[in-house]
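Features of the protein shown, as given by TrEMBL:
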type	residues	note
DOMAIN	21-59	domain 'RING-type'
COMPBIAS	218-240	compositional bias 'Polar residues'
REGION	218-255	region 'Disordered'
REPEAT	429-461	repeat 'WD'
REPEAT	515-555	repeat 'WD'
Amino acid sequence: MPPSLMEEEPSEADIDKDVLCPICMQIIKDAFMTACGHSFCYMCILTHLRNKSDCPCCSRYLTNNHIFPNLLLNKLLKKISARQSARNASPVENLRQTILQGCEVSTKELDSLLSLLVDKKMKMEQSEAETNMQILLDFLNCLRKKKLEELTQIQNDLQYIKEDTTAVKKRTMELYTAKERCSMNLRMLVDDFSAEKPLPSLIDQYNNGAISGGRNSQGWIGSARSQSRVSLKDQANSPVFRSKDANGGSDSTCNTDSGLTVARKRRIHAQFNDLQECYLQKRQHWTKQFNKQEHEGPTAMDVDGYNPGLQDFQAVLTTFTQYSRLRVIAELRHGDIFHSANIVSSIEFDRDDEMFAIAGVSRRIKVFEFSAIVNQPADVHCPIVEMSTRSKLSCLSWNKYTKNHIASCDYDGIVTVWDITTRQSLMEYEEHEKRAWSVDFSRTEPSMLVSGSDDCKVKVWCTKQEASVLNIDMKANICSVKYNPGSSVHVAVGSADHRVHYYDLRNISKPLYVFGGHKKAVSYVKFLSNHELASASTDSTLRLWDVKENLPLRTFKGHKNEKNFVGLTVNSEFIACGSETNEVFAYHKAISKPAASYKFGSDMAGVDEEAGSYFISAVCWKSDSPTLLVANSQGTIKVLVLAA
């Protein structure tokens, strides 16, 4: 077509504007024209005339009798629609339409077209097959790579197991040999005694006084030796030694321990997956350490063949399987346990584990002597010290250096340092604007303490000053604060923002680390060691963190905690917390499931109906012993101990 004619042909945009309905602004469907010359969709103009009697474009008087079909425009619209459909249709669709419209095509042309289509189909199928094969090959290569990595890891794990099995068998043989050597020496002593006979000549000489020098000493020696050998003979004739069997020489008393051994093995199988993970983690960790230190000379593993990772795991296995339940050994009766004002919010042992203090909504701090509670059962136990406060108490913290100093924080935000000897407050800090939830004395700097409050502030105090020495403003309520036991400048903060903030007090502009993972507020933070930190949350989980390497270590599940503060306590191996089911749970730090639990009221009849309304409110380990103090929201306080 000549360029001059192309320039005169209207563009698609102009055509589209001309064929738009002035009412709906869409391409006109079933065009009708008014007496004044305007065109509309039939349904559009009909609807308009039901409400008004004028033209939408020029406002002239108009009725249903003044509109007529626009045949020319309808024909033009059909052509435009067909042209647009053809333009938007695929080549295949155009070909199909051409054939359907009866286009004249010769047989030869059809054969050529069919051949072309068959070739095209074959190429497309081949290309699709190649693509599918490439995708399958990529998948298989990725799978092979992953499985090879897993195989390598399994081979490494099997090598660990092989090395450790050899080392354990060797150590077992050494122990058995040492035991047999001791048994053999004892038998030789017994045999010597049985074979030994008195010498007549010596006895005669003794009676005749021929042997005079050192008579007394020889007599005492002979007497002592005789007593010693008689003692050995008595031991040899005792039931324990008579029970030696002929095959291995093992004591029959070992049979009395078989029940405990079976129970411990049962615990291993119940937590096998967690124990397996623990073993492999420790072995892999120490292998990495050895690889880093290869250039420094022989390692402990090279010297005696007993890998430190295996030693670590053996300690875990021994400790974990040693206990299976929590047993009550005493109960503290300190008043009307059915009075709601006796809810205990905090329990803390003193520096030497000789005394413990309790506090809560009763507005009193009571100090008890632990040995008296355990060894002297009574209807009511009286505290050795009792101090009244103005407000309900949230938390206690003993000074680990000055035995008679204890700190408290309360619902009014007041932090107080007490002297239990004089029963008087030494310092009162009133800078918090809302309830103070937590307070803690530093272990390395006994004059320093830290507190956290609902006013979103962490404050550091010194008992030698009347005002706070440091203030950290945070964006969420503070639920718990804790000094690192090995540092006076590192503090962990549990917050309502679901995270644990770990601060270096020398630079409080931002936290050193932030540990995220909890889904609700972090209610407690406690240190197991200088680098292990445990946290509790109202998402019904506990978590263990490495504050040295900034790593999450483990998540513990089994208890229920959705709205209340149920307590958290730790020692070097175990973590204990309460539950809203009125139970206390003890976890080993290397195993994610509970090692033992105890339900309040389980040893009493007729209390199951009410037990659901109570929850554990405070817990505290007695240093690194298996003894645990537990209080619930009813005011009941019990002394529990981990047992087999």
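Glycine residues also receive a Cβ, built from the backbone N, Cα and C atoms like all the rest.
The residues of the domain 'RING-type' (21-59), classed with DSSP into helix (H, G, I), strand (E, B) and coil, number 10 helix, 9 strand, 20 coil. For the repeat 'WD' (429-461), the predicted model reports an average pLDDT of 95. In the repeat 'WD' (429-461), the DSSP tally of helix, strand and coil residues is 0 helix, 18 strand, 15 coil.
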